[in-house]
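The structure appears below as structure tokens.
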Amino acid sequence: MNLILMGLPGAGKGTQAEKIIDTYGIPHISTGDMFRAAMKNETALGLEAKSYIDKGELVPDEVTNGIVKERLAEPDTDKGFLLDGFPRTLDQAKALDTMLKELNKKIDAVIDIHVEEDVLIERLAGRFICRTCGATYHKLFNPPKVEGTCDRCGGHEFYQREDDKPETVKNRLAVNIESSAPILAFYKEQGLMHTIDGNREIDTVFSDVKKIIDEN
């Protein structure tokens, strides 16, 4: 079973990925892990990627695609894999199709965990931090026991990181929505696309994920 897992930040993709791996025993192939392994092992492509990352530049598609292909050629992917964080662009999706054909493999299903934008903003923009000790809270999922008082140090001053502010979160989501739309359309055209409502209990969402995997 060869899967691609998609979903916007805050949709619970990481949690579902863990459950898929635990249940089906297939390798979790995430872009971050692939880059780290390629750089640690000092492969030619890993060193090339490192040269861009060290300069704070985006790694070009041909380098990323090469690292992905090297990983998908490893024997542990022969019985299936879960791709997470790739493809990020339509060009990468097309390149993935080509490399899988060369490896005599194919994608069986693309699962998109869909959560409404306002819910994602609520989830992502709810984090705040104690200015005194750095303890992290979330207004919905992990508020202080006493409102306005830090559980750890008793401080009363809190702040939000720039990344967690609603406007920043909104902009980040807009960029993600725009870049993922052509990829979703590409896989829909191939009849591989499955969209799941992610605004439910984790196990309920996974029950739907499992159904899709078992039917493929």
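Any Cβ shown, glycine's included, is placed from N, Cα and C.
Bear in mind that the values here come from a model prediction, so they are computed numbers and not experimental data.
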Annotated range (Swiss-Prot: region 'NMP') out of 30-59, 180-209: 30-59
10 Å Cα neighbourhood of C130 (Zn(2+) binding site): matching binding-site residues from G14, T31, E57, Y137: Y137
Residue pair G12 (ATP binding site), V59 (AMP binding site) - Cα distance, angstrom, rounded: 26
Candidate binding-site residues T31, V59, Y137, pick with smallest Cα gap to C153 (Zn(2+) binding site): Y137
